[in-house]
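K.L.:
What follows is a single structure, and I will ask about it in a moment.
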Amino acid sequence: MINVVVSGCNGAMGRVLTKVIEEMEDMTVVAGIDKNTDLYKNNYPVYKSPSLVKEKCDVIIDFSGPSNISGLLEYAVNNDIAIVIATTGFSDKEEKKIKEASKFTRIFKSSNMSLGVNVLINLVKQATNTLGDIADIEIIEKHHNKKVDAPSGTAKMIAEAINKELDGSMEFSYGRNGTDAKREENEIGIHSIRGGTISGEHTVIFAGLDEIIEVKHTALSKKVFAQGSVKAAQYILNRKNGLYDMNSLINNN
Ligand SMILES: NC(=O)C1=CN([C@@H]2O[C@H](COP(=O)(O)OP(=O)(O)OC[C@H]3O[C@@H](n4cnc5c(N)ncnc54)[C@H](OP(=O)(O)O)[C@@H]3O)[C@@H](O)[C@H]2O)C=CC1
Ligand SMILES: O=C(O)C1=N[C@H](C(=O)O)C[C@H](O)C1
């Protein structure tokens, strides 16, 4: 049996993840972490911070917020627990902390736990190699009205993948506004739409001379992310210390 601590257990993703795990036979939630400990009736104890967790666990799955990461990393490293980080919106300093902690435990981190988005990234890299010099590239992401960070972690991940293909030559432009907002040649525009209950949609547009290519991924529910994070947890359990992502999982390395 794989024992899991769900971080952010009383949030939207934490609740979907709990349900997914509760339907599994070889995984169980032994505890949760959330700022709001008594919002819902959980079938497990919920603690305000990682340092308070008493239950033995094999892996933490984190869908909370960036302010939780220091405590989580300390808890995971001190107790030799694997951790799946799905949370987005980290600062550069927090990203560095995660990288440093991965020397001491197994960390899986992806801003998008769906397999489909990772296929999208590979398609976009391919399109960039052919069209990068001749097409204008823009990213549009759409999410529900409760999302706190913008642009989405996935949009950033896509933009960084494109930029890497173009040897780091691109600048990112977040939305456009004003009378001097003309597009530059070396820019990737990133645009965030927020509304209703949109689970997550990412479109990459390659706009060239008299032709346009759009590559788009739509998540139809939050369940796809929860299921992906469970696969990630199963994948890193018996790995060596290090930082893993969806590509590691897909290529099984
Ligand atoms: N990688 C992926 O595939 C996906 C990633 N995400 C990411 O997961 C995160 C959570 O998303 P979602 O569930 O929609 O957000 P919610 O706000 O619904 O849930 C987050 C929960 O974590 C709690 N929380 C936040 N900070 C802390 C902290 N420092 N200590 C303890 N609890 C904390 C929140 O409490 P409070 O509300 O009081 O702040 C809330 O209950 C986001 O960063 C989102 O972008 C989401 C979906 C997919
Ligand atoms: O907050 C969300 O909901 C999501 N966040 C992730 C992101 O920021 O990219 C992934 C997914 O799109 C849903």
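Think of each number as a place in line: the chain as shown, counted from 1.
Using N, Cα and C of the backbone, Cβ positions are placed for all residues, glycine too.
Positions annotated as domain 'Dihydrodipicolinate reductase N-terminal' by TrEMBL: 2-113. The NAD(+) binding site annotation in TrEMBL covers GLY8, CYS9, ASN10, GLY11, ALA12, MET13, ALA86, THR87, THR88, SER110, SER111, ASN112, MET113. Summarising the annotation, TrEMBL assigns domain 'Dihydrodipicolinate reductase C-terminal' to 116-249. Summarising the annotation, TrEMBL assigns active site, proton donor/acceptor to HIS143. Positions annotated as (S)-2,3,4,5-tetrahydrodipicolinate binding site by TrEMBL: HIS144, GLY153, THR154. If you look up TrEMBL, you'll see LYS147 marked as active site, proton donor.
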K.L.:
Give me the Cα-Cα distance between SER111 (NAD(+) binding site) and THR154 ((S)-2,3,4,5-tetrahydrodipicolinate binding site), rounded to a whole Å.
P.N.:
5
K.L.:
Using Cα coordinates, what distance in whole Å links ALA86 (NAD(+) binding site) and GLY153 ((S)-2,3,4,5-tetrahydrodipicolinate binding site)?
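P.N.:
Here the two Cα atoms are 9 Å apart.
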K.L.:
Go through ASN10, THR88, SER111, THR154, our binding-site residues, and report the one whose Cβ sees the most other Cβ atoms within 10 Å.
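P.N.:
Most Cβ neighbours within 10 Å: THR154.
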K.L.:
Quick one: which of the recorded positions (HIS143, HIS144, THR154) have their CB closer than 6 Å to ligand 1?
P.N.:
none
K.L.:
What does the structure give for the C-alpha distance between GLY153 ((S)-2,3,4,5-tetrahydrodipicolinate binding site) and LYS147 (active site, proton donor)? Integer Å is fine.
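P.N.:
Rounded to the nearest whole number, the Cα-Cα distance is 11 Å.
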K.L.:
Take the domain 'Dihydrodipicolinate reductase C-terminal' (116-249) and count its residues per DSSP category (helix H/G/I, strand E/B, coil), listing them in that order.
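P.N.:
Residue counts in helix, strand and coil order: 47 helix, 37 strand, 50 coil.
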K.L.:
How many whole Å apart are the CA atoms of ASN10 (NAD(+) binding site) and HIS144 ((S)-2,3,4,5-tetrahydrodipicolinate binding site)?
P.N.:
17
K.L.:
So which of ASN10, ALA12, ALA86, MET113, listed as binding-site residues, have a Cβ under 6 Å from an atom of ligand 2?
P.N.:
none
K.L.:
Among HIS143, HIS144, LYS147, these being the recorded positions, pick the one whose CA is nearest to that of THR88 (NAD(+) binding site).
P.N.:
LYS147
K.L.:
Taking the Cα atoms as reference points, how far is HIS143 (active site, proton donor/acceptor) from THR154 ((S)-2,3,4,5-tetrahydrodipicolinate binding site) in Å?
P.N.:
11
K.L.:
Using Cβ-Cβ distances, find the residues under 8 Å from MET113 (NAD(+) binding site) that belong to the same chain and are at least 6 apart in sequence, listing them in sequence order.
P.N.:
ALA86, VAL224, PHE225, ALA226, GLN227, GLY228, SER229, LYS231, ALA232, MET246
K.L.:
For GLY8 (NAD(+) binding site), name the DSSP secondary structure in the helix/strand/coil scheme.
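P.N.:
GLY8 (NAD(+) binding site) sits in coil per DSSP, no helix or strand.
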K.L.:
Same chain only, sequence gap of 6 or more: which residues have a CB within under 8 Å of the CB of GLY8 (NAD(+) binding site)?
P.N.:
GLY14, ILE33, ASP34, ASP62, PHE63, SER64, GLY65, ASN68, THR87
K.L.:
Which residue among the recorded positions HIS143, HIS144, LYS147 has the fewest other Cβ atoms within 10 Å of its Cβ, if you could check?
P.N.:
HIS144
